[in-house]
Structure formats: structure tokens, C-alpha cells
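S.K.: Below are the C-alpha cells for one structure; questions will follow.
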Amino acid sequence: MQTDSSFTFVLFGGTGDLSMRKILPALYEAHRAGGMLADSGKIVAVARHIADRAAYIDWVNEHVKPHVSKNGVDETAWASFLDRIEFVKIDLGNPEDFTLLRDALSGRPGIRVFYLATGPSLFVPICRALASVGLNENSRIVLEKPLGYDLKSSNAINDAVGEIFAEEQIYRIDHYLGKEPVQNLLALRFGNVLFEPLWRREWVESIQITIAEELGVEARGDFYDNTGALRDMVQNHLLQLLSIVAMEPPHSMDSDSVRDEKLRVLRALKPIDPRDIGKVAVRGQYHAGVIRGSAVPAYATEPGVKPDSNTETFVAVKVEIENWRWAGVPFFLRTGKRLADRVAEIVVNFRAVPHSALGASALRGGANRLVIRLQPNETIRLYCLAKQPGEGMNLASVHLDLAFDRFFREGQMEAYQRLLLDVINGRLALFVRRDEQEAAWRWVEPILNEWATANKPPKPYAAGTWGPAAASAMLAQHGTCWLEEEN
Ligand code: BG6
């Protein structure tokens, strides 16, 4: 996409993990691709512990370059990318330092983007300091997750930021919304007539959405131990995926049409009765185990984690949507660290045929199922029954396969690259609106409260497995099982 709109992209937390692994590499890719970023666009990194621009460029060369481009670094593009980078040394604890930033930005053309790649406790102080030097005009602010710790703290941040920036200036990132396959889900649902008539309670028996990770908490033990999987993954990524799977067709793809429809789903989530939490939500914590042949330690022994921690590294939860399209259809959401595989997928289980003239095998599982694999290896697979060759009417499960890399060999874009370009170009559709975020917090809150007050340890699971047995038992009660348990 060609652009001539100039911008200044100000990166708070310029030496943080996110800047190093995601944000700067994504900006480099956009720069390298050519034509996506205006030539005059600049990146202004803000950090406290770095002396000056030369030292920051050294840091970028040492820490960011290794995270850039799977296909190797294009040295010419890298050098011209570095030319875009400027640096301002600011102590965020010292609001007067923001005059330095104001001076550095004065007289620049185009929009200002302030990316807060910092902890949420700094969001409000940074916004206030920006406003105190008049930098909240002609600007956009990007807030990383987690935004708050619960509904109350998220409201407090949104209220305070909302006094300084209008909602149209606020870009709340959920990087799952920037993933190519998630975009494709919209194309699949609303670009084809085939699925829509079946996409409802009359034909769908249950839906599973899984985001499984092999990684543990890595260097984020401290953060994670105060967060847990429900806040880290369910409140945002999984409920966003759910809302895209379940939403009504939007009137158009403009930002508010899509977000209005997602909001309707989030508001229709059946509230969980605290007395039922044991039946509809499972939480687990990994113990030592083996992943792909290597021994990995227990969560409780990871750096930064309290040895007696009750924080969950796994959640499985049953969700129901109270509307005409989905009433009575269970949606099973699941996420966990140190699971048997890294996979994110959506499984739509359609109902079996009501009567089989073809014998009992036509009523078996393994057919009437759509599996949308988000990562790795993006594919959409439709499982059907077919007759096995030979004598008699013996049926077998076969699938129609749509592997995206066979159709589209290039042009794939990482989530952060898409989202950063959207911020620079003022496209809000893939960012979470305040009301969506509130509805999601409201729904998870009874589970958070119950788990906090019950003070019971999460169910253990060995690293390298698919989580606690209770997650399987929950599906068994509905006469179904997780996809991998069928194979
Ligand atoms: C982040 C979570 O939002 O998403 C991490 O904070 C998690 O804990 C990550 O590992 C997963 O994202 P992806 O894109 O690797 O599936």
C-alpha cells in the first residue's frame, strides 16, 4: 500500500522486550517492503538508561537486528531504516523531561503516534505528561495489553486516558486481531455464501477455540505470576476470536460496524454463576515434564515465580452466547503454556446427519467439521465423509484442504506490521474499543474473583501434555472431546 502521509512514531519503552522482538522488527519490515511508510516518517525512541542516539543505535544493532526478517537482513534497507531512528532520553518519573520530547517533535509534519510499550502503571502518567506539554493534539496513542488487572483498574485507566485523548485517538492493541488468518476468518465467513446458512445453532453442535503454546513463561515470570492465563489470553485474544467467529455479518468493514457486531457478542455472553465455576472452568498449572525430548522445569520453579504460586498457566472454559443464532451451543475455549504442541485453531463441529441411510458409520465423528488452523501452517480444512473404494458402502473421513501458502506465496504480513501500519494510517477496525474491553472484563470477572477467593491450587499437569484431565472431562459431559483426543 503506497502512502505519502508523514508521521512521527514515538516509542516509549524503546529498550523493552516488545520493542526489541516485535515493534522495531515490524517497522523495519514495513520500511524494507518500500512504499508502506512515508519517506519522511521518523521513529523517535524514548528510554531512560541509554545515553544518546549513537548508544541507542548500537543497542538496536545488537538486540533488534537478530529478530529481523526470517529471510536475512537486507543491509542497505537496514542502514536506511536506522536513519529513520532518533532518540530522546527521558526519565518517565520526571514529567519535566517531556519538554525535551515536545522540542524534539516541534514543527514536524504529519500525525504523531505514541506507542506505550510499557507496563500499564505508566499509561496514565505518560498520557498526563504528554498533555502537559500539549502533545495530545494531532496524535494517536497505542496501548499494549494488559490494560488493567480487572474491570475496575481497566476502567480507571480508560477514564484517565479518555480525559486526554478522544476514543478515536486510542488504539488498544490485541495482536491476534492483526494475524492474517484472523482476517481470513472474516473473508471466509462473509465472502462466501456457503457457510453462512450453516453457521448457527440448527447446524452447529459445538465450537472449540484453542491457543496452545509450547513455551513456558520465559523471562516474564514476574509479570506472569501476577497475571495468569485468564487475564493474559482469555480476556483478550480468546474472547476476540470468539466474537469474530460468532458475530453477525457487519454492514461494512469500517471500524465501527465490525466492532459493534463484536460487542453484541461480548454482551450476549451468558454470565457465569459463581456456583457453577467448578463445572464450566478448569485452571491448571504445569509441573516438570518433557517437550520434544527436552526436560522442562515446573512453573513454580521458574525465575520470578513464587514457589507456592496459585497462578494458572492453563485455562479451559465453556462459554454460551445468549442470542437466537447461538443459544445452547457450547463454545469451549482453551489456552495454556507448556502444552504438547504450539497450535492455534478453531474447530466448528457441525451436527451429525439426522438419519443415515448409509449405516451407522455415517453418524460417526471425523466428518461434518471445519478446522481453521491459525498457526502454524495456516489452513482451512473441511472434513466430510466419502465412500471407501471397493465393495460395500464403507465410509471414511476425508478432507477438503485450503493451505494458504499454496495459493499465496508472498505478501504475508506479521500481525504487528499490519497493526502499526493501521495506526499510522488511522484505521481503527483491528483495535479494541473501550466498550468491547469492558464487556470482556465483565464476563471474566466472576471467574477471577472465585479463583482468587477460593484459594485452591490449580490442577497440575505435566509439561508437554494437553493440560489437566478435568479439561477433557468438561467436554465429555457434552458428549464431545478436544480435537487431538480423536486422533
Ligand atoms: C501474548 C501473551 O499476548 O500472546 C503471551 O502475553 C503469549 O503470554 C503470546 O505467549 C502468544 O502470542 P502468539 O502470537 O505467539 O501466539
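Going from the start of the chain as shown, residues are counted 1 onward.
Any Cβ shown, glycine's included, is placed from N, Cα and C.
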S.K.: Which residue of ARG48, ARG53, ARG112 does TrEMBL report at the same NADP(+) site as ASP91, LEU92, LYS145?
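M.R.: Within the candidate list, TrEMBL flags ARG48.
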S.K.: Considering the substrate binding residues HIS175, LYS179, GLU213, ASP232 given in TrEMBL, which of LYS42, LYS65, LYS337 is annotated for that site as well?
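M.R.: Substrate site check in TrEMBL: besides HIS175, LYS179, GLU213, ASP232, the record includes LYS337 out of LYS42, LYS65, LYS337.
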S.K.: Among all protein chains shown, how many Cβ atoms are found within 10 Å of the Cβ of ARG48 (NADP(+) binding site), not counting that one?
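M.R.: If we count other Cβ atoms within 10 Å of ARG48 (NADP(+) binding site), we arrive at 13.
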S.K.: Can you go through the binding-site residues ARG48, ASP91, ASP232 and pick out those with a C-beta less than 6 angstroms from ligand 1?
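M.R.: By the Cβ criterion, which requires under 6 Å to ligand 1, the hits are ASP232.
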S.K.: May I ask which residues of the same chain, at least 6 positions away in sequence, place their Cβ under 8 angstroms from the Cβ of LYS145 (NADP(+) binding site)?
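M.R.: In sequence order, ARG172, ILE173, ASP174, ASN236 meet the Cβ cut-off.
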S.K.: What binding-site residues among LYS179, GLU213, LYS337 are found with a C-alpha within 10 angstroms of that of HIS237 (active site, proton acceptor)?
M.R.: none
S.K.: Need one number for the substrate-binding residues HIS175, LYS179, GLU213, ASP232, LYS337: the maximum pairwise CA distance in Å, whole number please.
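M.R.: The widest Cα-Cα gap among those binding residues is 20 Å.
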S.K.: My understanding is the cutoff is Cβ-Cβ under 8 Å with a sequence separation of 6 or more in the same chain; which residues meet that for LYS337 (substrate binding site)?
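M.R.: Same-chain residues close to LYS337 (substrate binding site) (Cβ under 8 Å, separated by 6 or more) are GLU213, LEU215, GLY216, VAL217, ALA229, TYR286, TYR299, THR313, PHE314.
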S.K.: List every residue in the same chain as ASP91 (NADP(+) binding site), at least 6 positions away in sequence, whose Cβ is under 8 Å from its Cβ.
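M.R.: In sequence order, ARG48, ASP97 meet the Cβ cut-off.
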